[in-house]
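Visitor: One structure, pasted below without further comment.
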Amino acid sequence: MSKKNTINAIISGVGNLTGRLSGLVREMLYAYLFGTSPLIGYFKYAVALPNLARRIFGEGALANAFIPLLADKKNNEQDPNSYASKILTLTATFNTFLALCGIAILFILFSLGIISNESQELVYLGSVMMPYLPFICLAGLLASIHNLYSKYSLPALMSSTMNVCLIAASCFAIFTNLDEKSTIYLLAFSLVFSGLLQVFILLRSAKKFIKLKIEYCKFKAPELKSFWISFIPVTIGASAQQISTLLDKTIALWIGPHAVSSLSYSELLIYLPVGVFGVSLGSVCLPSLSSSLAKGNLNDVQRDFEKALSQAFFLSIPCSVFFYLLGDTLLKTLFLRGAFDLESLQFTLKAFLWFLPGIPFFTALKVLLSLYYANKNTKTPLKISLAMITLNLVLGISFIPLLSHASLAMASSVTALLNFVFLLTSAKKLSYIQNLSQIVQTNLPTIIAASLSCITFKLIADQLSILETGSLKFADNLLTTIIGGLIFSLLYLFFFKVFKSVFNIILKL
C-alpha cells in the first residue's frame, strides 16, 4: 500500500467522518422536531427515492462503468473532455426525465387509491423532492471525476454540504417556532437546494482540470458502446440492492410511519462505525491488493487482506458490544428531547438492538468485497448478493408478527452474517485466500477480549451504578456515556493485549 493511497484514504475517511457526524446532528434535530411522527416517516421515505437513483445513476453503478473508461482516455492522452461532457449531459437529461416520471407515478398511485388519503403528504413531499434526483446524480458523477484527478477533499465534504443546509433549515424552524407541516416542507426545499449547491461547487472546481460543456449524443453512439457494455451488468446488481432497500422502507411504511423514522435513527448510529472503519479500510485495501495481484505477490495479498480484515473486526466488534451495553443511554443522550418522547425511544431502541449483531459483518464485508474486486470478479458477489436480498425480504416479512419493525433490522443482520460467510468460503474455493483457520485464529483475541470486556464492564457497572438508565436528563446520560465509554475502552484494550500475547506464545510452541 503506497503512501499516496494511504493519504488519500485518510482524506476520504476524514471527509466521511465529517459527513457522518454532521448527519448525526441533523438526525438529532429531526428527532427534536418530529420524534417518530408520520410526517418525518413520509419525508424519509420520499428522500429514499432520489437516493436510490443516486446509487445507480450517480456515484454508484454509473460511475463504476464511466470512470475506468474516462481514465483510459486520460492515460492514453486522448481528449477526455468531450467524452465526459457527453456522459454528463446524457445523465442529466435521463435523470431529469426520471424525476418527472417519478412525480407522475406518485400522483397516479394516489389517484388509483394505492396511496391512501392519510398518506397524501408522501405524494406532495415526493413531488417537491424529486428534482433533487438529477442534481445529486450529477454531483455524484462530478465527485467521481474529481477523484480520478486525485482531488479527494472536496468530494469527501459534499455530504456535509447537504447536512449543513438541512441543519440550518431545522435551526430556523426551531427558532421561529414553525409548525410541523411548514417545517417538513422547508426541509424538502432545502434538500433540493443542497443538491443544486453541490453541482454548482463541483462544476466550478472541475473547471480547473477538465473542460465540460453541454454536448448531446445518441444512446447508440459508437463512442458509448463500451460504456453500455460496462454499465448494464453493474447496474443489475446495484438496482437489485437499491430496490431491496426501497422495499424495506415500503414494508416499514406499511407497518406504520413510526417504523421508517425509528429504523432511520437506528441505522444512523449503526452505520457510523461501518462508514468510518469499513469504507476507509476498503478504500485502502482495494488498490493495495490490486497492486500486489498485478505483481504476482500472492503472499502480500494474503497478508494485507488478513491484516485489513482483523482491523475491521478489531474496531467493529467492540462498537457492537458497547452499543449493546449503553444503547439505551446513548439514544437518550442523542435524541430524547422535543417531539422525541419515551415512546419514540422504545421504537428506536427495539430496532437498534437487532441491528447490533450485524455491525462487524457490515464492516468486514467492505474489506472482503475489495478482495473480489481486486481479482476482477464481480459475478460471485452479485450472485450471493441477489440470494441474500431475497432472503432479507423473506425474513423481514416473516418475523413482522413477532418483532414488528425490528424484523427488518434482524433480517439485515442475519443476511450480513450469511453474506460474509458465503463470500469468505467462496474466496477459499477460488484460491483468493489460502488458510481459513489462520483468519479465525487471528481474530480470536478480538472476540475473547470483547466478550470478557462485556462481562467485566457489567460487573463494574453494577457496583458503580453506571448502567442506571432511569434519568431523562441530558447531562446525566452524556456523563454516563462518556464514563462508560472510557471504562469499556480500557477494559477492551487490556484484555486484547493480554490475549494477543497469550496467543502469540501458544503459536510459537
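Using the three backbone atoms N, Cα and C, a Cβ is placed for every residue, glycine included.
Please treat TrEMBL annotations as automatic predictions, because they have not gone through curation.
Model, not experiment: these values are computed from the prediction.
Reproduced below are the annotations present in TrEMBL:
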TRANSMEM  29-46  transmembrane segment
TRANSMEM  92-116  transmembrane segment
TRANSMEM  122-145  transmembrane segment
TRANSMEM  157-178  transmembrane segment
TRANSMEM  184-203  transmembrane segment
TRANSMEM  268-289  transmembrane segment
TRANSMEM  309-331  transmembrane segment
TRANSMEM  351-372  transmembrane segment
TRANSMEM  384-402  transmembrane segment
TRANSMEM  408-427  transmembrane segment
TRANSMEM  439-461  transmembrane segment
TRANSMEM  481-499  transmembrane segment
Visitor: Is the count of Cβ pairs under 8 Å between the transmembrane segment (408-427) and the transmembrane segment (351-372), pairs 6 or more apart in sequence, 3 or more?
Guide: yes
Visitor: If you count every Cβ pair below 8 Å, which range out of 122-145, 157-178, 384-402, 481-499 shares the most with the transmembrane segment (92-116)?
Guide: 122-145
Visitor: Using a Cβ-Cβ cut-off of under 8 Å, list the residues of the same chain that are 6+ residues beyond the ends of the transmembrane segment (384-402) and lie near it.
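Guide: Result: 237, 240-241, 244, 247-248, 251, 255, 408, 410-412, 414-415, 418-419, 422-423, 426.
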Visitor: Could you check whether the transmembrane segment (29-46) packs against the transmembrane segment (481-499) - three or more CB pairs closer than 8 Å, residues at least 6 apart in sequence?
Guide: no
Visitor: So which residues does the transmembrane segment (184-203) touch in its own chain, when a touch means Cβ under 8 Å and the partner is 6 or more beyond its ends?
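Guide: For the transmembrane segment (184-203), the list is 34, 39-40, 42-43, 46-47, 121, 125, 128-129, 131-132, 135-136, 138-139, 142-143, 146, 154-155, 158, 161-162, 164-166, 168-170, 172-173, 178, 212.
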Visitor: Sequence-remote contacts (6 or more beyond its ends) of the transmembrane segment (157-178), Cβ cut-off under 8 Å?
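Guide: For the transmembrane segment (157-178), the far contacts come to 15-16, 18-19, 22-23, 25-26, 29-30, 32-33, 139, 143, 186-187, 190-191, 193-195, 197-198, 201-202.
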